[in-house]
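The structure appears right after this line, and notes come after that.
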Amino acid sequence: MQIKKINIYGFGKFTDQSFAVDPQLQVFYGLNEAGKSTIRQFIFSILFGYASNRANEKALRYKPKVGNAYGGNLEVEYQGHDYRIERLDGKNGGQVTITDLENNEQISEDFVKTILGPIDQQTYQQLFGFNQTDLSDLSKLNQNDLQRKIIQMGAVGSDSWIELQDQFESESDKLFTPKGRVKPLNKLLKQYDDLSKKLRDMKAQLPSYFEYQKTSQDLDAQIKQVRNEQSEVSNKLNQTKNLLSKWDAYAELSDLEKQHVEESRSISEMDLNQVRQSFTRWQQLKKQSQETKKKVDLIQVEQQKQVLPDNAPEIIELDNQSNAVKDLIQSQKWLKNDIEETKAGLDELNQKYQFDLDTLSHLSDGEITTVRNNQRKLTENSRLVGEKQTEMLQQSQTKNNNLVPIVLGVGGVIALVLPINLPIKILLALILLGAAGWLFWKNGQNSPQNNIQDEIDALKQEASETENNLNQVKQSHQMNSVALDDILLVNNDVEKFQNLRSSYTNLIHQLSENNSVLDEFWSKFTRLYPDKEQKGTESIDFLNQQVDQIRRIKEQDKNNQTRLDYLQNELKQSLQNQSDESASIEAVMQVRPEQEQFEDLLKQKQNQQKALIRIQELKNQVDTTELEQLRVISNKSELESQLNSEQEQLTNLNSKEKELLDSKTEQIGNMTGQISSGDVEQTEQELIDLQQEITDDTEAWLTQKLSAQWIEKTLELATQGRLPKVVELAQKYFKQLTQNRYESFTLEKKRIETKRVDGVKFDLNELSRGTAEQLYVSLRLAFTEVVSDIVRLPIIIDDGFVSFDDQRLKIVFEILSQISVNNQIIYFTAKAEVESLVDQKRIIRLE
């Protein structure tokens, strides 16, 4: 059976919505709450009935919140016929209506059981369903439980199936046994025989019964003949439809066979994939080598441009002195400024005096103290002399006699304060005071004035001695021309002059030494840069820039060399890898990828491989018998004409059957009308009722009996005839899922053993969880595909591979595509990666 269309009147979130379903692989994509589970449950509900209102099933009813409609239909194809299975709201799982779309006639709802056989919803989900829960539950098992689960699945005959078979056998035996008497069906059959005999006896008594009976029998024969012809024409029509559906595949197969694809000259798909992968890597390595070579060339060109000057060591050595030279240049400015200031100080001191200070020597500290004391003593003597002379004038007896000495005494005092040289000032004061003293003495001999004069004379004598001491100091230091009062002042200037002269000499010496260092530096600078003008710090900055440039070049050269060494090693390795890939390709293709004919040859091999695969796919679609039948037909139009003719014959036969049935009904009415008593009619009705009861019980008995036989046959085929096929397919899928890392496995009674491509064998409990899951998926898919040979129903997968990475998800879909050629697959997913793995025409997006 294949689902061709899903029509939803009202179910969950969907109202009045239809989905055309691809006959091979159909993907429903949507995020959570998009309606994937709703559609999946809708399919189960139409086939098996709506869930009950029990608490554990109520959530599966999906009764719409708005609108009155509840239900829908599935348009399916079964054995070449199209049917519509409709289920509406109602008791016991809903009201079912089945319509044969070929003639638009309704047929018995029991036809669903014909399609599904003994499969209920639970069995359907176990055999033809797969979801992430299976893998999630698998991840919760320990290794021993996992191994037991896989072995039981591969062996097919699980305890639950055997238990279900026993249950069917027991239920059928309760209804009927061949030798039974008390079983319900045995009793009914006995009653039917008795009642039939009674009816025959009653009809034999009717005069015209046999005439009508013969007419009825003739009509039955004609009806039987028409129905035989209907069956024959219907079979031909189904065969013609089947051939017509296979015509396109046959035509494509014929075209490919005419191209004479030679399998003997082809290479295996594995080798071709390896060549494609190697060629891709070879191209990448070639591009990488070219890019690396460009980088190497650029670095080498840059190295040629970045050339150090020959005198770089001398420049660096000179630059090492640059900071000190900068300091010297600044120091020279300061030295010249100090020299100028010192020279100005010396000139100022020389201009202050009329003699050369350089010829004088400065006093010692003791001499300075002596001079200072003597100067104080002279000042004190002068003061005392003045006082004594004043005293003498006051004692004069007469104005006239006293006036002159007084005037002279005052003049002497005044002379001491006059702004003239100290010796002259002292001499003038002594003369005036002396004259005044003599006059006083003359005028007052034998008077008190004479005593005062003696004191004055003593003071003068002491002053003369003090002056002699000062003159001796002056002479010892070449200060003869210096006044007594100016000795200390001049001494200070002499000391200052000598200090300045010493500083001037030192500054001149330091300036000379600095000039020598600078001259040597600039001499080297001129040798290095003869065309460069010396501009002090500006030239030093230029030198610093040159050294910075040299250092940058050195650093750049070092970095370039490091980078160059790395790139050259990388280039060497890339070329070696490129050569290895080329040799690997040549071993299979007998041509190296760098040769011109390689890509054409590769395309030829790829096309050849695709053609061989396509031929095999087409041969799987069209069996040998169908090929023989199609080869005698010239074109598709001939088939279409034959189909139209057979459809017309079937229509005519259906009309003829209806006419005969109408006549039969009329004849039965005539037979009944000839009976005068109501006993025959009542007996016939009793017989009809009894026949219906027997039919019902017989159907129940056949269902139980055939289900038990079907399970027994299925287990027998699966364990004896089907298991090798399951293992063969599972090994193929396991090899694909592990990307050719494992080549086979063996199933034994209590263990599973896998074999890696290098020959190493592993028990199941030695495999990683991921590899064990891949083995389980391989067996599950193979088992489902083999079981489909017995009961062909759509395989429904609900995001069964969420945990798979992108590569293995792609491989799974390649396997599903292979399976879907003969088995319809409906895949529900929220995984966006699936969109890139399937033809967009096969994707229905839910929102």
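Glycine residues also receive a Cβ, built from the backbone N, Cα and C atoms like all the rest.
Nobody curates TrEMBL annotations by hand; they come from automatic prediction.
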Which one of 402-419, 780-797 shows up in TrEMBL as transmembrane segment? 402-419
Look up coiled coil in TrEMBL and report which of 126-184, 185-243, 244-302, 303-361 it refers to. 185-243
Given ranges 85-112, 365-392, 449-476, the stretch to which TrEMBL attaches the annotation coiled coil: 449-476
Averaging the pLDDT values of the coiled coil (601-700) gives 78
